[in-house]
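Copied from TrEMBL, the annotated features are:
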type   : residues : note
DOMAIN : A:1-61   : domain 'MADS-box'
DOMAIN : A:91-157 : domain 'K-box'
DNA sequence: AGCGCTATTTATAATCG
DNA sequence: TCGATTATAAATAGCGC
């Protein structure tokens, strides 16, 4: 979008990620609302952050919309699938979920290593420069926090 | 929007309403997906037409996201999954495993943030000093790698 | 430290074929 | 009735305060 487009993948910088989250969350909620009004649709939208904060929009009533959804999806399914098939589905979901989480852990750990100056061989000059900038920012933040912490502890004496 | 803006109220003409519904539905689903990827958020989106047709997007799993929502909203709830499958040992293992992995991700991400000078409020002076040392080491490693990379690229010319 | 700005990208209402 | 095209509105990434 503005000032250059961004690739659609996880934003690693926490500050940027949070700012983008706030903005896009607002945009998404607004568009959900507009669609429901314009086209007379029933909409339920749940947004849950990794830390568990929940944002929601429901054009009618969250519970009734969810119930309506469940009714349609389970009425077809639940009686036609056997117990074994259900287990298979759970098994598949479980495997996918675990795979996804492990991948996420891997990515996060790589990023961690880079931030500690390890495993840099795979990085090009451009990436090294970006990394340097991030780490420089980090150190200035840490130092200014040290000053604050020190100041607070003096106040306590 | 284009060619003149429209007021946000029910579109009376059925054809126009349907066309707008299709387009905006697509846009909304896309934006929901982008937000979940960019900002690592768990999203569930239900769109139900007056005729009962359902469109949905779930970044993780519709059921588990809805359950997560219900868990936080309603005060007490003993189990997350329907009782038929509940007594399964497997489910318990699954839930434990996923919980463990999520915790690991959380820890790794916190560490990541600290290395980037974010979320430092919870740290004491001693921890800040340790962190500072780690980041100083990181930056000197990154800088020396930059030199190496630069040297290599010159050799190639 | 969330708001405003603004240059761009994206979404989309109207139109066209 | 449509998909494709356009002209325009809306959303938003990067900044600045």
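Just so it is clear, glycine is given a Cβ too, placed from its N, Cα and C backbone atoms.
Note that the coordinates shown come from a computational prediction; the quantities given were computed from them, not determined experimentally.
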Would you list the DSSP helix, strand and coil counts for the residues of the domain 'K-box' (A:91-157)? 57 helix, 0 strand, 10 coil
Go ahead and report the DSSP secondary structure tallies for the domain 'MADS-box' (A:1-61): helix first, then strand, then coil. 26 helix, 12 strand, 23 coil
Whole-number mean pLDDT, the domain 'K-box' (A:91-157), equals 84
